[in-house]
Amino acid sequence: MIAAWSVEDVRAAEARAMEPLPDGELMDRAARGLAKVVTARLDDIEEPRVVALVGSGGNGGDALFAMARVARSDSDADVAAVLVSDRGAHKKALVAAREAGVAIVDLARSGADEAHDEALEKACALVAEADVLIDGITGIGGSPGWSGSSAQRCRALIDAVDDEAYVIAVDLPSGADPAGVVLDSEGVWADETVTFGVAKPVHLLGTSARCGVLTLVDIGLDMTTMPVAERLDHDDVAQLWPLPASDDDKYSRGVLGVVAGGENYTGAAVLTVTSAVCAGAGMVRYIGPPTPTALVRSAVPEAVCGIGRVQAWVVGPGLDADAESDPDADGEDVAQVTAATEALDSGLPCVVDAGGLDLLDGPRPRAGARTLLTPHAGELARLLTRLEEREVSLDDVRADPVGHARRAATLVHATVLLKGSTTYVVPPEITGMPVRAVAEAPAWLATAGAGDVLAGVAGVLLAAGLDPYDAGTLAATVHGLAGHDVNPGGPVRALDVAFATPAWSPG
Ligand SMILES: NC(=O)C1=CN([C@@H]2O[C@H](COP(=O)(O)OP(=O)(O)OC[C@H]3O[C@@H](n4cnc5c(N)ncnc54)[C@H](OP(=O)(O)O)[C@@H]3O)[C@@H](O)[C@H]2O)[C@@H](O)CC1
Ligand SMILES: Nc1ncnc2c1ncn2[C@@H]1O[C@H](COP(=O)(O)OP(=O)(O)O)[C@@H](O)[C@H]1O
Ligand SMILES: [K+]
């Protein structure tokens with residue numbers, strides 16, 4: 001599990017770690033780790049040119065101390081540092097860098113505008129030549145985007161970076177929100193981020209794509225609080241996935257009931273049931289009108305059609321929840337919605353997706369019934385608009401996905417799995433548990449039916465006894481990994497993702 005702590009908790013842990021140590025030791029550990037990574041990345045480059053962009057705080061300090069080490073290494077590198085702030089740079093680090101032979105370009109506005117513009121132009125030319133760009137402008141002390149007197153300089157310097165250059169962010173990409181809340185701020189997009197001690201939310205939440213590969217340098221922090229965000233790694237997938245025991249039978253492994261796909265969205269029935277069967281359900285029971293039932297019977301012979309005992313439900317993919325109130329609706333459609341409502345009224349664990357969300361007015365009637373909601377952003381906006389009786393737009397949700405998922409989780413007493421390029425699994429506030437973020441999926445997975453497949457996998461995990469928090473995170477992780485494996489770098493169809501799931505549900 002990769003865990004991330006809030007900036008406040010990281011700062012407190014740094015202060016605790018620093019207390020018994022000699023002055024500067026922690027930064028030295030950070031710089032040593034960073035320099036090691038940078039020199040390793042120079043291995044294949046002939047006479048590499050390394051340029052560091054350096055801000056006035058601790059982040060710039062790390063960068064300068066590391067550049068001093070790189071300049072002294074036997075890497076043959078040509079090392080320069082551009083100081084971007086009017087307030088200069090970390091004094092001791094600057095001395096160390098100068099003494100090691102790092103070329104320093106100071107952009108502090110000290111004279112006439114023309115002189116400054118000329119210096120900036122020269123610095124941009126230097127940056128454009130860099131094989132490796134070290135971004136040490138801001139770290140956890142940065143606010144999202146560029147601001148203050150150095151904003152224009154930062155913008156120009158980052159624009160000048162060559163597309164081929166390898167960009168290493170120090171601690172986090174400058175301009176990104178350290179808290180991972182503001183998602184679209186301008187700033188650096190890194191190929192690799194070298195962070196210190198522990199990950200921060202920026203590395204795991206919706207800002208994670210701009211961090212590139214995450215490399216963690218141990219500086220001896222001891223965290224005493226709960227993380228605020230988590231991400232599963234491959235070991236977690238292997239550990240969490242429920243395995244059948246030798247004395248299990250199909251019932252004890254967990255029977256999943258699926259209420260999905262009416263006469264209109266027949267495919268949702270096939271996709272959800274197929275994915276549940278592929279993910280290793282003990283048994284899948286399908287409940288729906290004649291057309292999707294016939295399709296399920298022919299496409300998924302393992303499934304059993306009709307009502308019976310189950311351990312968990314998937315309610316809603318492709319379900320027409322209005323059928324009950326529509327006088328023209330077919331009796332079979334109405335019966336399916338009745339089955340959906342009965343599932344929601346039961347105390348059994350339930351994945352509630354798509355049309356099923358329209359049947360929720362608040363918490364499920366049986367207190368403590370394990371519930372996983374799986375909306376995409378539009379469905380979450382609609383659900384909140386209804387439950388809170390005020391307009392919540394798609395843009396609102398996109399601007400603060402975790403906050404909105406949290407609101408729904410709290411209102412419905414459920415874990416909310418909010419689907420998207422980063423999928424968030426958000427438990428109710430009262431649990432105090434971290435947000436889980438999943439960003440394994442390729443953008444190709446944004447395809448019709450992929451959500452139905454996800455619901456099927458999550459349902460199987462609930463039926464096997466996992467709680468909604470683990471079931472949701474595990475399902476989204478495996479779904480994303482399978483989405484990649486089906487056709488790396490190219491288009492995927494949802495049914496193939498279902499077929500690829502077994503490879504990721506380990507034994
Ligand atoms: N503490 C420790 O023991 C350890 C700390 N460590 C390291 O220190 C880092 C934290 O250092 P920190 O607190 O000095 O803040 P930091 O991230 O360098 O930035 C602050 C400066 O940035 C600027 N600035 C801010 N926002 C901006 C914006 N939007 N746009 C433009 N500029 C902006 C602003 O400067 P100004 O421009 O006003 O001069 C502000 O003063 C941490 O991430 C890690 O790398 C490691 O060595 C491990 C041990
Ligand atoms: N840009 C993206 N990158 C990666 N995965 C994505 C992206 N956009 C959507 N997804 C994933 O694709 C799936 C789409 O689900 P959903 O919108 O419910 O589709 P449907 O209702 O057609 O089945 C979700 O698992 C979601 O996380
Ligand atoms: K940085």
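Each position is counted from 1, following the chain as shown.
Glycine is no exception: its Cβ is also placed from the backbone N, Cα and C atoms.
Listed by TrEMBL as binding (6S)-NADPHX are ALA268, GLY318, HIS376; the candidate from ASP184, ASP191, ASP452, ASP467 that the record includes in that site is ASP452. Cross-referencing GLY449, GLY451, GLY456 against the AMP binding annotation in TrEMBL, which names LYS419, GLY420, SER421, THR422, THR423, picks out GLY451.
With all protein chains in the displayed structure included, the most crowded Cβ environment within 10 Å among the binding-site residues HIS376, LYS419 is that of LYS419. Taking the Cα of THR422 (AMP binding site) as the reference point, the closest of the binding-site residues ALA268, GLY318, HIS376, ASP452 is HIS376. Residues within less than 8 Å, Cβ to Cβ, of GLY318 ((6S)-NADPHX binding site) and separated from it by at least 6 positions along the same chain comprise ALA260, GLY261, GLY262, ASN264, TYR265, THR266, GLY267, ALA268, ALA269, THR272, PRO292, ALA354, GLY355, ASP452. Of the chain residues outside the (6S)-NADPHX site list ALA268, GLY318, HIS376, ASP452, ALA260, GLY261, TYR265, LEU271, THR272, GLY316, PRO317, ASP353, ALA354, ALA448, GLY449, GLY451, ALA455 have their Cβ within 8 Å of the site's Cβ mean position. Report note: the AMP site is defined by LYS419, GLY420, SER421, THR422, THR423, GLY451, and the residues of the same chain whose CB lies within 8 Å of the CB centroid of those residues, excluding them, are HIS376, LEU418, TYR424, VAL438, ALA441, ALA476. Mean pLDDT of the predicted structure over the domain 'YjeF C-terminal' (233-507): 95. All protein chains shown were included, and the count of other CB atoms within 10 Å of the CB of GLY451 (AMP binding site) stands at 26.
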